[in-house]
Amino acid sequence: MYKCALILAAGKGKRMKSDLPKVLHKVCDKEMVNHVIDTMRKSELQDVNVVIGKGAELVREATSKKNISYSLQSEQLGTGHAVKCAEDFLRGKDGVVAIFTGDAPLITEDTVKNLIDFHEKGGYKATIITALIDNPEGYGRIIRNVDGSVKKIVEHKDCTEDELKVKEINSAMYCFDIKSLLESLDKLNNNNVQGEYYLTDVIGILEEEGAKIGAISVPFEEILGVNSRLQLCQVGKVMQKRINEKHMENGSTLIDPDNTYIGADVEIESDTIIYPGNVLQGKTVIKTGCVLYPNSRIEDSVIGKNVTVQSSVILESKVGEDTTVGPFAYIRPESNIGNKVRIGDFVEIKKSTIGNNTKVSHLTYIGDAEVGEGCNFGCGTVVVNYDGKDKHKTVIGNKSFIGCNTNLVSPVTVEDNTYIAAGSTITNKVPEGSLAIARAKQVVKEGWVDKKGLLK
(Lines of atoms letter the chains of each structure in order from A and count residues from 1; the text may use other names and numbers.)
(Lines give C-alpha, C1' and ligand atoms only; values in the text may rest on other atoms or scores of the structure.)
Protein backbone atom coordinates (compact mmCIF):
# COMPACT_ATOMS: atom_id res chain seq x y z
CA MET A 1 0.00 0.00 0.00
CA TYR A 2 1.14 3.53 -0.80
CA LYS A 3 2.31 5.53 2.23
CA CYS A 4 3.37 9.16 2.30
CA ALA A 5 3.86 11.97 4.78
CA LEU A 6 2.75 15.58 4.90
CA ILE A 7 4.70 17.92 7.18
CA LEU A 8 3.08 21.24 8.07
CA ALA A 9 5.85 23.84 8.25
CA ALA A 10 4.35 27.10 7.01
CA GLY A 11 3.98 29.04 10.26
CA LYS A 12 6.30 31.87 11.27
CA GLY A 13 6.13 31.32 15.03
CA LYS A 14 5.47 34.79 16.44
CA ARG A 15 6.22 33.74 20.00
CA MET A 16 9.76 32.80 18.98
CA LYS A 17 10.39 36.51 18.31
CA SER A 18 12.74 35.65 15.47
CA ASP A 19 13.25 36.48 11.80
CA LEU A 20 14.02 32.79 11.24
CA PRO A 21 11.05 30.53 10.41
CA LYS A 22 10.13 28.55 13.51
CA VAL A 23 10.80 25.12 11.97
CA LEU A 24 14.40 26.13 11.18
CA HIS A 25 15.36 26.66 14.80
CA LYS A 26 17.73 23.88 15.77
CA VAL A 27 17.34 21.13 18.34
CA CYS A 28 20.58 19.24 19.02
CA ASP A 29 22.31 20.84 16.05
CA LYS A 30 19.59 20.06 13.49
CA GLU A 31 16.63 22.09 12.25
CA MET A 32 13.36 20.87 13.74
CA VAL A 33 11.81 20.24 10.33
CA ASN A 34 14.82 18.14 9.31
CA HIS A 35 14.38 15.99 12.42
CA VAL A 36 10.81 15.28 11.30
CA ILE A 37 11.81 14.67 7.66
CA ASP A 38 14.55 12.24 8.70
CA THR A 39 12.10 10.36 10.92
CA MET A 40 9.67 10.03 8.02
CA ARG A 41 12.44 8.71 5.76
CA LYS A 42 13.49 6.12 8.34
CA SER A 43 9.84 5.05 8.53
CA GLU A 44 9.97 3.80 4.93
CA LEU A 45 7.39 6.18 3.47
CA GLN A 46 7.47 6.54 -0.30
CA ASP A 47 7.06 10.32 -0.46
CA VAL A 48 7.41 13.29 1.87
CA ASN A 49 5.83 16.67 1.13
CA VAL A 50 6.47 19.77 3.21
CA VAL A 51 3.94 22.60 3.32
CA ILE A 52 5.91 25.86 3.44
CA GLY A 53 4.83 29.46 3.85
CA LYS A 54 6.64 32.08 5.91
CA GLY A 55 10.31 32.07 4.94
CA ALA A 56 9.59 29.50 2.23
CA GLU A 57 12.92 29.93 0.45
CA LEU A 58 14.87 29.55 3.68
CA VAL A 59 13.03 26.31 4.44
CA ARG A 60 13.67 25.06 0.88
CA GLU A 61 17.36 25.81 1.25
CA ALA A 62 17.65 24.06 4.63
CA THR A 63 15.86 20.94 3.35
CA SER A 64 17.14 20.91 -0.23
CA LYS A 65 19.17 17.69 0.16
CA LYS A 66 16.29 15.65 1.59
CA ASN A 67 14.65 14.43 -1.65
CA ILE A 68 11.23 15.85 -0.79
CA SER A 69 8.54 17.90 -2.52
CA TYR A 70 6.90 21.14 -1.42
CA SER A 71 3.47 22.72 -1.29
CA LEU A 72 3.04 26.46 -0.72
CA GLN A 73 0.62 27.96 1.78
CA SER A 74 0.95 31.61 0.84
CA GLU A 75 -1.59 32.74 3.44
CA GLN A 76 -1.87 31.09 6.85
CA LEU A 77 -5.54 30.19 7.27
CA GLY A 78 -5.32 27.20 9.60
CA THR A 79 -4.17 23.59 9.59
CA GLY A 80 -7.03 22.46 7.37
CA HIS A 81 -6.10 25.11 4.83
CA ALA A 82 -2.45 23.98 5.00
CA VAL A 83 -3.49 20.45 4.04
CA LYS A 84 -5.74 21.82 1.28
CA CYS A 85 -2.64 23.55 -0.14
CA ALA A 86 -1.13 20.07 -0.59
CA GLU A 87 -4.08 18.70 -2.58
CA ASP A 88 -2.01 18.55 -5.77
CA PHE A 89 0.50 16.33 -3.95
CA LEU A 90 -2.24 14.03 -2.63
CA ARG A 91 -4.56 13.88 -5.62
CA GLY A 92 -4.44 10.66 -7.63
CA LYS A 93 -2.79 8.67 -4.83
CA ASP A 94 -4.43 5.59 -3.34
CA GLY A 95 -3.21 4.84 0.17
CA VAL A 96 -2.57 6.68 3.42
CA VAL A 97 -0.96 9.95 4.43
CA ALA A 98 0.61 10.60 7.83
CA ILE A 99 0.37 14.26 8.84
CA PHE A 100 2.86 15.78 11.26
CA THR A 101 4.05 19.27 12.18
CA GLY A 102 7.53 20.60 11.52
CA ASP A 103 7.82 22.03 15.03
CA ALA A 104 7.45 18.70 16.88
CA PRO A 105 10.82 16.99 16.36
CA LEU A 106 10.54 14.31 19.07
CA ILE A 107 8.27 11.96 17.14
CA THR A 108 9.99 8.61 16.64
CA GLU A 109 10.32 6.16 13.79
CA ASP A 110 8.58 3.46 15.84
CA THR A 111 5.58 5.71 16.45
CA VAL A 112 5.19 6.53 12.76
CA LYS A 113 5.32 2.86 11.82
CA ASN A 114 2.93 1.88 14.63
CA LEU A 115 0.51 4.63 13.64
CA ILE A 116 0.25 3.45 10.04
CA ASP A 117 0.11 -0.22 11.03
CA PHE A 118 -2.64 0.46 13.59
CA HIS A 119 -4.54 2.53 11.00
CA GLU A 120 -4.38 -0.21 8.36
CA LYS A 121 -5.24 -3.14 10.61
CA GLY A 122 -8.15 -1.29 12.21
CA GLY A 123 -9.68 -0.30 8.90
CA TYR A 124 -9.87 3.33 10.01
CA LYS A 125 -10.48 6.32 7.75
CA ALA A 126 -8.56 8.49 10.21
CA THR A 127 -6.30 7.74 13.15
CA ILE A 128 -5.18 10.28 15.73
CA ILE A 129 -2.00 10.20 17.80
CA THR A 130 -2.93 10.99 21.40
CA ALA A 131 -1.23 11.20 24.78
CA LEU A 132 -2.33 10.75 28.37
CA ILE A 133 -1.28 13.54 30.75
CA ASP A 134 -2.15 14.38 34.34
CA ASN A 135 -2.85 18.03 33.61
CA PRO A 136 -4.57 18.37 30.21
CA GLU A 137 -5.38 22.05 30.73
CA GLY A 138 -5.65 23.82 27.37
CA TYR A 139 -5.60 20.68 25.21
CA GLY A 140 -8.36 19.25 23.06
CA ARG A 141 -9.83 16.07 24.57
CA ILE A 142 -10.30 12.74 22.82
CA ILE A 143 -13.80 11.40 23.47
CA ARG A 144 -14.12 7.70 22.63
CA ASN A 145 -17.03 5.40 21.91
CA VAL A 146 -17.63 2.27 23.97
CA ASP A 147 -15.76 0.16 21.38
CA GLY A 148 -12.66 2.35 21.72
CA SER A 149 -13.06 4.22 18.44
CA VAL A 150 -12.99 8.01 18.50
CA LYS A 151 -16.32 9.79 18.77
CA LYS A 152 -15.02 13.36 18.61
CA ILE A 153 -12.32 15.85 19.56
CA VAL A 154 -13.53 18.58 21.92
CA GLU A 155 -11.53 21.76 22.45
CA HIS A 156 -10.84 22.55 26.10
CA LYS A 157 -13.05 25.64 26.15
CA ASP A 158 -15.99 23.62 24.78
CA CYS A 159 -15.71 20.66 27.18
CA THR A 160 -18.51 19.64 29.53
CA GLU A 161 -17.72 18.94 33.16
CA ASP A 162 -17.36 15.22 32.42
CA GLU A 163 -15.26 15.84 29.32
CA LEU A 164 -12.86 18.00 31.33
CA LYS A 165 -12.02 14.90 33.39
CA VAL A 166 -10.68 13.13 30.29
CA LYS A 167 -6.87 13.04 30.31
CA GLU A 168 -6.36 11.85 26.73
CA ILE A 169 -5.40 14.77 24.50
CA ASN A 170 -5.09 15.45 20.78
CA SER A 171 -1.55 15.77 19.38
CA ALA A 172 -2.47 17.31 15.99
CA MET A 173 -0.74 14.32 14.35
CA TYR A 174 -2.80 12.01 12.17
CA CYS A 175 -3.02 9.26 9.60
CA PHE A 176 -5.75 9.52 6.94
CA ASP A 177 -7.09 7.49 4.09
CA ILE A 178 -6.12 9.85 1.27
CA LYS A 179 -9.40 9.68 -0.66
CA SER A 180 -11.49 10.22 2.48
CA LEU A 181 -9.29 13.15 3.49
CA LEU A 182 -9.63 14.87 0.10
CA GLU A 183 -13.40 14.46 0.12
CA SER A 184 -13.63 15.91 3.63
CA LEU A 185 -11.37 18.86 2.82
CA ASP A 186 -13.94 19.99 0.24
CA LYS A 187 -16.51 20.20 3.05
CA LEU A 188 -14.43 22.30 5.44
CA ASN A 189 -15.59 25.80 6.35
CA ASN A 190 -14.14 28.64 8.37
CA ASN A 191 -17.21 29.49 10.41
CA ASN A 192 -15.32 30.11 13.63
CA VAL A 193 -13.96 33.02 15.64
CA GLN A 194 -10.53 32.83 13.98
CA GLY A 195 -11.93 32.51 10.47
CA GLU A 196 -9.63 29.55 9.84
CA TYR A 197 -9.96 26.05 8.42
CA TYR A 198 -9.19 23.43 11.06
CA LEU A 199 -7.93 19.93 10.34
CA THR A 200 -9.71 18.72 13.48
CA ASP A 201 -12.99 19.51 11.72
CA VAL A 202 -12.17 16.74 9.22
CA ILE A 203 -12.46 14.27 12.10
CA GLY A 204 -15.94 15.62 12.83
CA ILE A 205 -16.98 15.38 9.18
CA LEU A 206 -15.80 11.78 8.92
CA GLU A 207 -17.52 10.84 12.19
CA GLU A 208 -20.82 12.33 11.01
CA GLU A 209 -20.56 10.22 7.86
CA GLY A 210 -20.14 7.08 9.95
CA ALA A 211 -16.45 6.57 9.23
CA LYS A 212 -14.42 4.58 11.71
CA ILE A 213 -11.87 6.74 13.53
CA GLY A 214 -9.07 5.35 15.68
CA ALA A 215 -6.55 6.71 18.15
CA ILE A 216 -3.18 5.46 19.31
CA SER A 217 -1.56 6.78 22.48
CA VAL A 218 2.15 7.63 22.79
CA PRO A 219 4.31 9.10 25.57
CA PHE A 220 3.57 12.81 26.01
CA GLU A 221 7.17 13.85 25.31
CA GLU A 222 6.88 12.58 21.73
CA ILE A 223 4.19 15.10 20.84
CA LEU A 224 5.83 18.12 22.48
CA GLY A 225 5.75 21.04 20.07
CA VAL A 226 7.74 24.26 20.04
CA ASN A 227 6.07 27.66 20.12
CA SER A 228 8.55 29.59 22.27
CA ARG A 229 12.22 29.68 23.20
CA LEU A 230 11.35 28.06 26.52
CA GLN A 231 9.70 25.12 24.75
CA LEU A 232 12.66 24.92 22.36
CA CYS A 233 14.90 24.43 25.40
CA GLN A 234 12.55 21.83 26.91
CA VAL A 235 12.40 19.82 23.68
CA GLY A 236 16.17 20.11 23.31
CA LYS A 237 16.73 18.57 26.73
CA VAL A 238 14.53 15.59 25.88
CA MET A 239 16.28 15.10 22.54
CA GLN A 240 19.75 15.44 24.09
CA LYS A 241 18.90 12.86 26.74
CA ARG A 242 17.84 10.42 24.02
CA ILE A 243 21.02 11.01 22.02
CA ASN A 244 23.35 10.69 25.00
CA GLU A 245 21.65 7.54 26.26
CA LYS A 246 21.95 5.99 22.80
CA HIS A 247 25.72 6.56 22.76
CA MET A 248 26.12 5.18 26.28
CA GLU A 249 24.10 2.10 25.33
CA ASN A 250 26.44 1.68 22.34
CA GLY A 251 29.52 1.55 24.57
CA SER A 252 30.70 5.11 25.15
CA THR A 253 31.23 6.63 28.59
CA LEU A 254 29.75 10.07 29.23
CA ILE A 255 31.07 11.28 32.59
CA ASP A 256 28.29 13.87 32.97
CA PRO A 257 25.54 13.42 30.34
CA ASP A 258 23.64 16.49 31.54
CA ASN A 259 26.57 18.68 30.48
CA THR A 260 27.59 16.93 27.27
CA TYR A 261 26.16 18.24 24.00
CA ILE A 262 26.10 15.82 21.07
CA GLY A 263 24.39 16.58 17.76
CA ALA A 264 21.81 14.30 16.21
CA ASP A 265 24.06 13.19 13.34
CA VAL A 266 27.26 12.58 15.33
CA GLU A 267 28.67 9.03 15.30
CA ILE A 268 30.68 7.71 18.26
CA GLU A 269 32.31 4.28 18.40
CA SER A 270 32.65 2.21 21.57
CA ASP A 271 35.16 2.71 24.37
CA THR A 272 35.32 6.46 23.94
CA ILE A 273 35.26 8.56 27.12
CA ILE A 274 33.69 12.01 26.99
CA TYR A 275 34.08 14.48 29.85
CA PRO A 276 31.59 17.31 30.53
CA GLY A 277 31.55 20.51 28.52
CA ASN A 278 32.19 18.88 25.15
CA VAL A 279 30.17 20.00 22.12
CA LEU A 280 30.09 17.58 19.16
CA GLN A 281 28.32 18.87 16.06
CA GLY A 282 27.51 18.19 12.42
CA LYS A 283 28.65 14.96 10.77
CA THR A 284 31.42 14.37 13.30
CA VAL A 285 32.72 10.80 13.69
CA ILE A 286 34.62 9.77 16.83
CA LYS A 287 36.42 6.44 16.41
CA THR A 288 36.94 3.88 19.16
CA GLY A 289 39.14 4.46 22.20
CA CYS A 290 39.19 8.27 22.19
CA VAL A 291 39.29 10.45 25.28
CA LEU A 292 37.71 13.90 25.04
CA TYR A 293 38.68 15.87 28.12
CA PRO A 294 36.48 18.82 29.18
CA ASN A 295 35.48 21.76 27.02
CA SER A 296 36.24 20.92 23.40
CA ARG A 297 34.17 21.70 20.31
CA ILE A 298 34.38 19.32 17.35
CA GLU A 299 32.32 19.95 14.22
CA ASP A 300 32.09 18.00 10.93
CA SER A 301 35.35 16.21 11.68
CA VAL A 302 36.64 12.64 11.79
CA ILE A 303 38.66 11.76 14.88
CA GLY A 304 40.72 8.56 14.53
CA LYS A 305 41.18 5.74 17.02
CA ASN A 306 42.77 6.41 20.41
CA VAL A 307 42.94 10.18 20.01
CA THR A 308 43.11 12.47 23.05
CA VAL A 309 41.63 15.96 22.82
CA GLN A 310 41.90 18.57 25.56
CA SER A 311 40.04 21.90 25.56
CA SER A 312 40.39 22.47 21.80
CA VAL A 313 38.40 23.35 18.68
CA ILE A 314 38.44 21.08 15.61
CA LEU A 315 36.43 22.11 12.54
CA GLU A 316 35.87 20.22 9.25
CA SER A 317 39.12 18.28 9.59
CA LYS A 318 40.56 14.80 10.05
CA VAL A 319 42.72 13.70 12.96
CA GLY A 320 44.65 10.43 12.66
CA GLU A 321 45.04 7.58 15.13
CA ASP A 322 46.98 7.89 18.41
CA THR A 323 47.25 11.66 18.07
CA THR A 324 47.00 14.18 20.91
CA VAL A 325 45.40 17.59 20.49
CA GLY A 326 45.54 20.46 22.97
CA PRO A 327 45.06 21.95 25.37
CA PHE A 328 43.87 25.11 23.60
CA ALA A 329 44.63 24.04 20.04
CA TYR A 330 42.62 25.29 17.05
CA ILE A 331 42.38 23.03 14.01
CA ARG A 332 40.60 24.94 11.27
CA PRO A 333 38.72 23.58 8.21
CA GLU A 334 40.38 21.36 5.58
CA SER A 335 43.20 20.21 7.82
CA ASN A 336 44.42 16.62 7.82
CA ILE A 337 46.41 15.58 10.86
CA GLY A 338 48.30 12.26 10.61
CA ASN A 339 48.81 9.39 13.05
CA LYS A 340 50.81 9.74 16.27
CA VAL A 341 51.00 13.50 15.89
CA ARG A 342 51.33 15.97 18.74
CA ILE A 343 49.34 19.21 18.35
CA GLY A 344 50.06 21.07 21.58
CA ASP A 345 48.91 24.14 23.44
CA PHE A 346 48.13 27.33 21.56
CA VAL A 347 48.78 25.75 18.17
CA GLU A 348 46.66 26.78 15.19
CA ILE A 349 46.48 24.63 12.05
CA LYS A 350 44.67 25.98 8.99
CA LYS A 351 44.04 24.10 5.73
CA SER A 352 47.20 22.03 6.17
CA THR A 353 48.39 18.44 6.09
CA ILE A 354 50.54 17.26 8.99
CA GLY A 355 52.43 13.98 8.45
CA ASN A 356 52.64 11.05 10.84
CA ASN A 357 54.82 11.32 13.97
CA THR A 358 55.22 15.08 13.66
CA LYS A 359 55.32 17.25 16.81
CA VAL A 360 53.94 20.77 16.91
CA SER A 361 54.08 21.22 20.64
CA HIS A 362 53.24 24.85 21.41
CA LEU A 363 52.68 28.42 20.25
CA THR A 364 52.79 27.74 16.52
CA TYR A 365 50.77 28.76 13.45
CA ILE A 366 50.73 26.54 10.35
CA GLY A 367 48.56 27.65 7.44
CA ASP A 368 48.26 26.41 3.84
CA ALA A 369 51.13 24.01 4.39
CA GLU A 370 52.11 20.45 3.57
CA VAL A 371 54.20 19.05 6.41
CA GLY A 372 55.97 15.69 6.11
CA GLU A 373 56.45 12.88 8.61
CA GLY A 374 58.63 12.97 11.70
CA CYS A 375 59.07 16.73 11.83
CA ASN A 376 59.56 18.83 14.95
CA PHE A 377 58.41 22.43 15.31
CA GLY A 378 60.00 24.59 17.96
CA CYS A 379 57.98 27.01 20.04
CA GLY A 380 56.89 30.19 18.25
CA THR A 381 57.15 28.94 14.65
CA VAL A 382 54.98 30.83 12.16
CA VAL A 383 54.16 29.87 8.59
CA VAL A 384 53.76 33.29 6.99
CA ASN A 385 51.21 32.32 4.35
CA TYR A 386 49.56 35.67 3.57
CA ASP A 387 51.19 38.52 1.68
CA GLY A 388 48.33 40.96 2.18
CA LYS A 389 46.56 39.85 -0.98
CA ASP A 390 46.98 36.11 -1.58
CA LYS A 391 47.60 32.96 0.44
CA HIS A 392 50.67 30.90 -0.51
CA LYS A 393 51.74 27.31 0.13
CA THR A 394 54.63 26.04 2.22
CA VAL A 395 56.08 22.53 1.83
CA ILE A 396 58.14 21.00 4.63
CA GLY A 397 59.81 17.65 3.98
CA ASN A 398 60.11 14.59 6.20
CA LYS A 399 62.18 14.67 9.40
CA SER A 400 62.76 18.40 9.29
CA PHE A 401 63.63 20.27 12.48
CA ILE A 402 62.25 23.79 12.70
CA GLY A 403 63.91 25.80 15.47
CA CYS A 404 62.08 28.11 17.86
CA ASN A 405 60.79 31.47 16.61
CA THR A 406 61.23 30.59 12.95
CA ASN A 407 59.29 32.43 10.23
CA LEU A 408 58.66 30.46 7.03
CA VAL A 409 57.67 33.05 4.44
CA SER A 410 55.47 31.40 1.82
CA PRO A 411 55.77 30.24 -0.87
CA VAL A 412 58.77 28.29 0.31
CA THR A 413 60.00 24.69 0.36
CA VAL A 414 62.01 23.03 3.11
CA GLU A 415 63.26 19.65 1.88
CA ASP A 416 63.73 16.39 3.81
CA ASN A 417 66.14 16.03 6.74
CA THR A 418 66.82 19.72 7.18
CA TYR A 419 67.52 21.86 10.23
CA ILE A 420 66.51 25.48 10.59
CA ALA A 421 68.26 27.49 13.27
CA ALA A 422 66.16 29.19 15.93
CA GLY A 423 65.13 32.75 15.14
CA SER A 424 65.50 32.36 11.37
CA THR A 425 63.30 33.97 8.73
CA ILE A 426 63.30 31.60 5.77
CA THR A 427 62.43 33.05 2.36
CA ASN A 428 64.21 30.66 0.00
CA LYS A 429 64.31 26.91 -0.58
CA VAL A 430 66.25 24.87 1.98
CA PRO A 431 67.90 21.86 0.24
CA GLU A 432 67.79 18.34 1.66
CA GLY A 433 70.18 17.68 4.51
CA SER A 434 71.00 21.37 5.01
CA LEU A 435 71.20 23.67 8.01
CA ALA A 436 69.61 27.05 7.30
CA ILE A 437 70.53 30.07 9.39
CA ALA A 438 68.72 33.27 8.46
CA ARG A 439 69.42 35.75 11.22
CA ALA A 440 71.96 38.47 11.95
CA LYS A 441 75.22 37.33 13.53
CA GLN A 442 75.37 38.17 17.23
CA VAL A 443 77.52 41.20 18.03
CA VAL A 444 78.69 41.86 21.61
CA LYS A 445 79.88 45.38 22.50
CA GLU A 446 81.59 45.11 25.87
CA GLY A 447 81.29 48.07 28.21
CA TRP A 448 78.57 49.66 26.06
CA VAL A 449 76.16 50.20 28.99
CA ASP A 450 78.76 52.09 31.03
CA LYS A 451 79.77 54.19 28.03
CA LYS A 452 76.15 55.21 27.48
CA GLY A 453 75.70 56.03 31.13
CA LEU A 454 72.65 53.82 31.42
CA LEU A 455 73.44 52.39 34.84
CA LYS A 456 71.83 54.23 37.75
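The backbone N, Cα and C atoms fix where each Cβ goes, and this holds for glycine too.
Taken residue by residue with DSSP, His362 (active site, proton acceptor) is part of a strand. The active site, proton acceptor feature in Swiss-Prot is assigned to His362; the stated evidence is sequence analysis.
DSSP gives Leu8 (UDP-N-acetyl-alpha-D-glucosamine binding site) a strand state. Annotation source Swiss-Prot lists UDP-N-acetyl-alpha-D-glucosamine binding site at 8-11, Lys22, Gln73, 78-79, Gly140, Glu155, Asn170, Asn227, Arg332, Lys350, Tyr365, Asn376.
What Swiss-Prot lists as acetyl-CoA binding site is Asn385, Tyr386, Ala422, Arg439, and the listing cites sequence analysis. Here the Cβ of Arg439 (acetyl-CoA binding site) has 13 other Cβ atoms within 10 Å, regardless of which shown protein chain they belong to.
Taking H, G and I as helix, E and B as strand and the rest as coil, DSSP gives the region 'Linker' (230-250) the counts 20 helix, 0 strand, 1 coil. What Swiss-Prot lists as region 'Linker' is 230-250.
Per Swiss-Prot, the feature region 'N-acetyltransferase' maps to 251-456.
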Limited to the region 'N-acetyltransferase' (251-456), I'd like the whole-number average of pLDDT. 98
For Ala10 (UDP-N-acetyl-alpha-D-glucosamine binding site), the same-chain residues 6+ apart in sequence with C-beta under 8 angstroms from its C-beta are Val51, Ile52, Gly53, Lys54, Ala56, Gln73, Gln76, Ala82, Cys85
Lys22 (UDP-N-acetyl-alpha-D-glucosamine binding site): tally of other CB atoms within 10 A of its CB: 26
By a simple count of other Cβ atoms within 10 Å, which of Leu8, Ala422, the binding-site residues in the record, is least packed? Ala422
Fewest neighbouring Cβ atoms within 10 Å among the binding-site residues Tyr365, Tyr386 goes to Tyr386
